[in-house]
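Quick look at what TrEMBL annotates:
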- 55-134: coiled coil (COILED)
- 415-440: transmembrane segment (TRANSMEM)
- 461-478: transmembrane segment (TRANSMEM)
- 539-560: transmembrane segment (TRANSMEM)
- 580-599: transmembrane segment (TRANSMEM)
- 636-655: transmembrane segment (TRANSMEM)
- 753-773: transmembrane segment (TRANSMEM)
Amino acid sequence: MSFLRPSIWRSSPMQMVQLFVQIEAAHDTVDELGKLGLIQFLDDNEHVNLFQRNFVNEVKRCDEMEKKLKFFEEQIRKEPKLQRLLPDNMLTVVDDDSQMDELEGRFDELESELKQVNANQETLQRNYNELIQLRHVLTKDSVFFQENPNLIEGDGHEHSARSPLLAEQQNVSEVAKQGVKLGFITGVMSTDKMPQFQRSLWRTTRGNNYVKDARIEEEIIDPQTGEETSKTVFIVFFQGERLQQKIKKICESFGANIYDCPDNSFERSNLLQKVTVRITDLYEVLQRSKDHKRQTLAGIVPKLYSWKKKVVLEKSIYHTMNLFDYDVGRKCLIAKGWTPKDKIEEIQLALRTATTRSGALVPSVLSIIKTEESPPTHFETNKYTSSFQEIVNAYGIAHYREVNPAVLTIVTFPFLFGVMFGDVGHGFLLLLSSLGLIALEKKLAGKKLNELIQMPFDGRYVLFLMSLFSIYVGFIYNECFSIPMNIFGSQYTNQNENSTTAAVYEYVHTDRVYPIGVDPLWKGSPNELVYYNSFKMKLSIIFGVVQMSVGICFSLLNYLNQKGPIKIVNILTQFIPQMIFLWAIFGYMSVLIVLKWVYPYRDHGIDPPFILPTIIAMFLSPGGTPEVQYFSGQGVIQTVLLLLALISIPVMLVIKPLFMKKFHFDEVERKKLGYHEEEHDDEALYTGHHGEEFEMGEVFVHQVIHTIEFILGAVSNTASYLRLWALSLAHSELSSVFYERILIAQVEGGNGFMAFIGFGAWLGASVAVLLLMESLSAFLHALRLHWVEFQNKFYIGDGVRFIPYSAARILSGSQDDE
């Protein structure tokens, strides 16, 4: 089975390789290797400053070209019709065969042309805006002066500057009629600044001003941003030269455009006609400028992402070549990197292809390097398994050749989610959501999505399995939107036909039970909560013990992958005592749970014994015989299990440090005798003291911490699995409350409209609280159970991810900065 490939259970075997590449073939070689995406290059120039490396000028050149391309794209995205023609990503576009020198010259020409067009267009737009604003000033002021014909006429009579114009008169027209000649300033400013502008005028002039404003209905285009802005025409009346200077300064501080408006209507009319003609002419020039810019950008659109793809790849190639060491004598580049062992032949084929493509006379050479460095971790995944692998990787990357917990997580993660979220109805809605994301897979793949959409889309197959297990467990719980499903007919009947409480039930057929899951009549019975709590609590303990046991078995797989005597020591002093300790206590408790379920105590006239007092008595009264036993010899077996659990503690605590001390002294003796076997190197690597001075105290303290962590963890982790019961109970109770208090309460009211409203409220509450919030809570708790309770039994998670140089990853934007 392909599922059981070694690359699934353990990371792919890696090999460090060294490449000798001629200078003239280096570019094509990196390009071909990038297409494969099978080698992670190491930096052989760590001691060299980034700005002093061999190909830094080429990288800078690509940076400048990227800036120009970004400028082109920004200009295109300002045109909605052209923006729709851009592709979703660079992976789907055709490669551009142009040379970099040719592209660089082309980019310079286009950039210069577009910047010149933008500068001209900005000037034209600014002039056009000023004319539009002047037209509105003339129009609005003419209307205002027609309504107040005496405003700018008077005999020059002085008016007190210390008292407000409007404090003594009802309006400014009355002031003008008394012979006071008023000056005025008119202009245009942003609408949102007008309130503050008027307050500033009032404070500065002490009320000796009169402001009239009117909003320009026509939107004004900002020449710099291209966005529409709201403008307002204003006219300020005042008296005296000193106030005129103050008001002008205030207008300038608020960014207002001040216009000279003639005093009489005839001059205003003539000026308005001239402005209208100039606006028409300037509009035509402005439109021709915009059309020219659109034509230029339309020629860029089909090629933009092809150019961008080429420049991005060129930059990545030269950046990768900066990692290589330059051999001056051989005139070649020397590269080192990690690659999967089974992919070396593909790399050699790519090297030959690159040599032929570049026309180099000397072929590139690949050599194998032996090293003690820890290789990076690489698991082969596909679109179905990658999400589960990322769930594990989010906790920590697996150590090289460490057993991969994602293999089991593919099943256990959605299953434990289903235990907490078990409901056929809610699971079905979740299934529809996941199927919708899967159906849109081809359409959405590769696109830049909103983060709230990207996360569920990436985990669409996780959601799919979560929904299936939710439906499955929902059948076990017999719940569909908290309603029991009487599919096969209940196996209980009311013993008292005259009773309306239905408090006591008996079997219809003593030899039959409900075919699958819980009998529907348990829902709504007086002891419903007691029954469900007992069932789910015990089930949670069993699931926890089984999963933790599998975790300990995975540690055995890790030990079997070790070399030397330390393999046997870890099996004897870690795996076996840990398994004994877990099953002597919590495994025994799980066995009692199953026995209590399957043995018919009631048929024998016996009340079933309680499990918790039995376990407590096992520790407080070892050897004692309870009144009601689960099986004969229970007291003796409990004593034996307790002794095994106690004996396993010193075995885990003491024996391994003593063996490690013996291994160290044996190693020292072998060195004195003048030989050192290869297998003992491997042994030293696994004991963690290769080339280091052995400290017995440190080793013992480490073992004490590890042992205490396991013993306390066995207790706390088992209790932690009770969250399966708690979240399942919360989900069921919330679902019941929404159904009974929101939906049924309105339906029973007899009002059809309120029933419709109640259904909408129930559906909204179910989706918002249960399908979104509750599912997220169950997801996080399932994550916790896998990261902590399961993986801490075997998973080190201190590895390094394998990040090969890959053109596809770079183009998709997922290439790590490292």
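Each residue's number is its place along the chain shown, starting with 1.
Each residue, glycine too, has its Cβ placed from N, Cα and C.
Highest Cβ contact count with the transmembrane segment (539-560) among the listed stretches 415-440, 461-478, 636-655, 753-773 falls to 415-440 (criterion: pairs under 8 Å). Tallying C-beta pairs under 8 angstroms between the transmembrane segment (753-773) and each of 415-440, 461-478, 636-655 places 415-440 first. Averaged across the coiled coil (55-134), pLDDT in this predicted model comes to 88. Beyond the ends of the transmembrane segment (636-655), by six or more residues, the same chain brings 569, 572-574, 576-578, 580-581, 584-585, 588, 618-619, 622-623, 703-704, 706-707, 710-711 to within a C-beta distance below 8 angstroms of the stretch. A Cβ distance under 8 Å defines the sequence-distant neighbours of the transmembrane segment (415-440), meaning residues of its chain 6+ beyond its ends; these are 456-457, 460-461, 463-464, 466-477, 479-483, 485, 539-540, 543, 723-724, 727-728, 731-732, 735, 766-767, 770-771, 774-775, 778-779, 781-782, 785-786. Within its own chain, the transmembrane segment (461-478) has Cβ neighbours under 8 Å at 383-384, 387-388, 391, 410-411, 413-415, 417-419, 421-428, 430-431, 433-435, 437-438, 484-485, 516-520, 522-523, 532, 728, 732, 775, 779, counting only residues six or more beyond its boundaries.
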